[in-house]
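Trainee: Once you've had a glance at the structure underneath, I'll fire off some questions.
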Amino acid sequence: MSSKSLISFVIYGFLLLSLCNSLKDNAVDGTRAYFHALKISSLPSSDVCKESSKDLNEGSSSLKLVHKFGPCNPHRTSAAPASSFTEILRRDKLRVDSIIQARRSMNLTSSAEHVKRSVPFYNLPAPGGDYIVNVEIGTPKKEVPLIFDTGSSVIWTQCKPCKACYPKVPVFDPTKSTSFKALPCSSTQCQLLRHGCSSSKCTYKATYVDNSSSAGFYATETISFNHLRYDFKNILIGCSDQVSGDSEGESGIMGLNRSPVSFSSQTANIYNNLFSYCIPSNPGSTGHLTFGGKVSNDVKFSPISKTSPSSDYDIKMTGISVGGRRLLIDASAFKIASTIDSGTVFTRLPPKAYSTLRSLFREMMKGFPLSDQDIFLDTCYDFSNYSTVAIPSISVFFKDGVEMDIDVSGIMFPVGSKVYCLGFAELDDEVSIFGAFQQKTHTVVFDGVKERIGFAPGGCD
């Protein structure tokens, strides 16, 4: 047996012993294991969809949350991601850049009117974090797959007649819907939106930092969930007849930020401005996007930051632990609130917080060889000589004593054949982002009435 294999065997044995002791101690004093078993051998991709076993709570309306490349998406255009992990990282960086640009534009003026009318349009969520919901639009109903995005405002889909549309995915035909009404330029809504006009229609254009775009006109339309009898009437949508960029299974975006034109805001009177979601651990499983319902006692809430932009979801991060050890970080390292974003893949931390996290994580992983990767994820390991490794747990703390244990699927990101990287990165002090990769398997609750965001484990199953 090689020395590396022996080290792996010893660590795995220690892990199993720790897990057994943890299960024994749990009933007594609530202690838990601070290492996770990570199987390195990749399993063949399943083409069978695994449905979530989570029961929907009373009074809620839920949509399945599915990965665009996974077997649970009936509109997928490819059985596997078309992009390499390098492309995933590139687009995730563009996503972060777009958030920074939006924050900077808002800081150019502090006028209430500017903040009120500023509707930041971010680039499409990066591959790897691309989860969608299938909704029905119009009368009669037409099913369209939309990216769910807590960082976008408008709900839009591509419409006929197309000057340029995504191929291989559904296109909505407004001429066949009896409930479709184009928004006239003379309407109060159009004047408040402060967009352009063409042929008496209220127009819009969203341009993203990856050079993709969506352009068309505003309208009101009926939105339906296929398992509900209730229809959402007169919802403001964007009807796009000209899109650019790549689609890999989606026809548009369902904006869910705090803007008045987002779907969550437009249905706030129905669902008391409450929605939640759970991102599954892998593309072959389903999660959910749920509006309304009862809030479980398991959900622990942290208040939305008072200093956050009016359209974003920011909460205050207060600390991090690795392998059960709380990082020795001064509170000043978390002076910027963290944006909870479903479209950013990886969590971005301020420099002091990230460097301390990286140092302790590397210390606990010193038995494994570091791998030098030419990417912004800078703590990577080559596990080629190992079948199973033990990686330290990571927990994140938010204001009001909220502790969120990151699921094992959200700690290390595969970037090559048996090469895994810590799924956190450093960002300057302008923005801190809590990404979708770290949110996996948790119920994430957005309570607009009480202006708070909550987390609970076991949200998908």
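Including glycine, each Cβ sits where the backbone N, Cα and C put it.
Just so you know, TrEMBL annotations are computer predictions that nobody has curated.
Keep in mind that this is a model prediction, so the values were computed, not measured.
So TrEMBL has the following annotated:
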type	residues	note
ACT_SITE	D149	active site
ACT_SITE	D341	active site
DOMAIN	131-456	domain 'Peptidase A1'
SIGNAL	1-22	signal peptide
Trainee: If you count Cβ atoms within 10 Å of each one, which of the active-site residues D149, D341 comes out on top?
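Mentor: Answer by Cβ density within 10 Å: D341.
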Trainee: At the level of the C-alpha atoms, what whole-angstrom distance separates D341 (active site) and D149 (active site)?
Mentor: 8
Trainee: Can you give the mean pLDDT for the domain 'Peptidase A1' (131-456), rounded to a whole number?
Mentor: 90
